[in-house]
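Undergrad: Right, I'll just put the structure down here and ask away after.
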Amino acid sequence: MFCYQCEQTARGTGCVTRGVCGKSPEASDLQDVLVHAAKRLATRYANVPAAERPASLAPMLEDALFVTVTNVNFDTASILGMIRDVVAAAGAPAAGVAAEAPEDTLLAWSRASMIDARKATLGDDVTGLQELLLYGLKGMAAYAHHARQMHRADPVVDAFMVEALAKLDAGVADINELLALNLKCGEVTINVLALLDAAHCDTYGKPTPTPVLMGHVPGKAILVSGHDMVDLKALLEQTEGKGINIYTHGEMLPAHGYPELKKFKHLVGHFGGAWMLQQREFPKFPGAILMTTNCLMQPFEDYEGRLFTRNLVAWPGIAHIEDRDFTPVIKAALAAPGFTDTVRTGEHLVGFGHDAVLGAADKIIGAVKAGEIKHFAVIGGCDGSEGERSYYTDLGTTIPKDWVILTLGCGKYRLLGHDYGTVAGLPRLLDMGQCNDSFSAVKVALALADAFGCTVNELPLSIVLSWFEQKAVCVLLALLHLNVKNIRIGPRLPAFLTPAVLKVLVDAFGLKPVGEVEVDLQAMSNAA
Ligand code: FSO
Ligand code: SF4
């Protein structure tokens, strides 16, 4: 195996014996085969007019890529099943291998496309840029998958997925072409983010500011993690009146802001912190646990019997829910003890999507003009277990009182637990939602630039991203496509970006790694 697609990659260079995420070498190799099969499938249809492509093509490519995102699927049987489906769809001429071929044959079939093989023939720069594009596509696939759960699709997104995968399959090696494809990936990411935003708002109503109980109350309980609101809504419907309380976990926290979800009285609160604390927190949750999407970690014995996966998430031996029939989850929750006491560790305000923030636009613009608000800092992305991520906590708590902080993604957990107070009558910390809601940050930045008659780069606005996996990669590409300059990224730079490629991004966009909090803050103030 060789995998360097996420931030926690071993020694900052690549996982080679077993994934830091827990991915086995076999699962890793099979995921590489699946990506290769997806590229071959895209090639089969690259020259077929979009209207003549099968309807199953786009969802199949999306799922194949989303399965290989960090912390989604660790189950070799399920990955192998998907490989066979994708190879069969590619058909004999494009695939060059039989769908029912033995696993070893499939592994040998894809060997030349593996990262190691390409590093040896094309060099690290080209391979890194190819992987940057692939990881951007993986992130885009995840967002497109979520939108498709709400019956939304965008032909521009579907077409780009085929075009870009076919380019990768053809071994595109020209640096300029690869850079252009990466920026195009960023452009199409805006489409998919807008699609997902509209799907969420149309289906569940526009998020509104809502306080969420951080803690628990007595009663049977189900914990819902991941990012999928469709699963959550179905579970809320199926548990209504059954005496079971539903809690959000990790990236499901923003669910409480949606009118069509918060109307369920048994959606009572939020339990726990970001994804990487699950092995410590899940044993203490006295009910059933549902993982709708990433980020899943290796389950421990003391909760694996009451853990369930959904959608593309899978771990060998862990029960998987098909077709949103949550009967087994409900049974497990009723069989578990549930909470017997009340604990309130605090309250967190969610629901500051673009509508809520821009609803206060007059107030915000007035406060900026009056000098009450000096700066906006977007601090968000993913969380992770590295100690260096305390940078984001220190940054949030050091930021001057006349700055507004916009946050999103599970990176927000680094900012919670501190009273940020208010500025100009607004909360200083505005939670815009999941990483899936990055569109809100883009929309607010563009609206502010419009209101002040300037570009986003001329706004008193700084963006500090915490990245972990591939969804963050496509959001970064989207910001670069919008020509947003001087983005800070941490806690470490991606292993797949070579010094030469990084120099191109630094020269063109001023992309920089996070540094010392005080120094970075000073630089942000000076740039304002
Ligand atoms: Fe976090 Fe995981 Fe949402 Fe990611 S839960 S790390 S960018 O999957 O998707 O923010
Ligand atoms: Fe390593 Fe990340 Fe790949 Fe897992 S996803 S094998 S942790 S680089």
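Going from the start of the chain as shown, residues are counted 1 onward.
Using the three backbone atoms N, Cα and C, a Cβ is placed for every residue, glycine included.
Those TrEMBL annotations? Automatic predictions, nothing curated.
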Undergrad: Among Cys185, Cys201, Cys382, which is the one TrEMBL gives for the hybrid [4Fe-2O-2S] cluster site where His227, Glu251, Cys295, Cys410, Cys435, Glu469, Lys471 also bind?
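TA: Candidate in the recorded hybrid [4Fe-2O-2S] cluster site: Cys382.
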Undergrad: Suppose we screen the binding-site residues Cys3, Cys6, Cys15, Cys21, Cys382, Cys410 by Cβ distance to ligand 2 with a cut-off under 6 Å; which survive, in sequence order?
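TA: Cβ < 6 Å from ligand 2, in sequence order: Cys3, Cys6, Cys15, Cys21.
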Undergrad: Give me the sequence-ordered set of same-chain residues, not including Cys3, Cys6, Cys15, Cys21, with a C-beta within 8 angstroms of the centroid of the [4Fe-4S] cluster site's C-beta atoms.
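TA: Those within range, site residues removed, are Tyr4, Gln5, Gln8, Thr9, Ala10, Gly19, Val20, Lys23, Ser28, Thr70.
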Undergrad: When a 10 Å sphere is centred on the Cβ of Glu251 (hybrid [4Fe-2O-2S] cluster binding site), how many other Cβ atoms does it contain?
TA: 29
Undergrad: Where His227 (hybrid [4Fe-2O-2S] cluster binding site) and Cys6 ([4Fe-4S] cluster binding site) are concerned, what is their Cα separation in Å, rounded?
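TA: Distance between the two Cα atoms comes out at 19 Å.
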Undergrad: Far apart in sequence but close in space: which same-chain residues, 6 or more away, have a Cβ under 8 Å from Cys3 ([4Fe-4S] cluster binding site)?
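TA: Those within reach of Cys3 ([4Fe-4S] cluster binding site), by Cβ under 8 Å and sequence separation of 6 or more, are Thr9, Gly14, Cys15, Gly19, Lys23, Ser28, Ile115.
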Undergrad: In DSSP terms, helix, strand or coil for Cys410 (hybrid [4Fe-2O-2S] cluster binding site)?
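TA: Assignment for Cys410 (hybrid [4Fe-2O-2S] cluster binding site) reads helix.
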Undergrad: So which of the binding-site residues is most packed in, judged by how many other Cβ atoms lie within 10 Å of its Cβ, out of Cys6, Cys21?
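TA: Buried the deepest by this measure is Cys6.
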Undergrad: Excluding His227, Glu251, Cys295, Cys382, Cys410, Cys435, Glu469, Lys471 themselves, which residues in that chain have a Cβ inside 8 Å of the centre of the Cβ atoms defining the hybrid [4Fe-2O-2S] cluster site?
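TA: In sequence order, the nearby non-listed residues are Gly250, Trp275, Asn294, Gly409, Gln434, Asn436, Phe468, Ala472.
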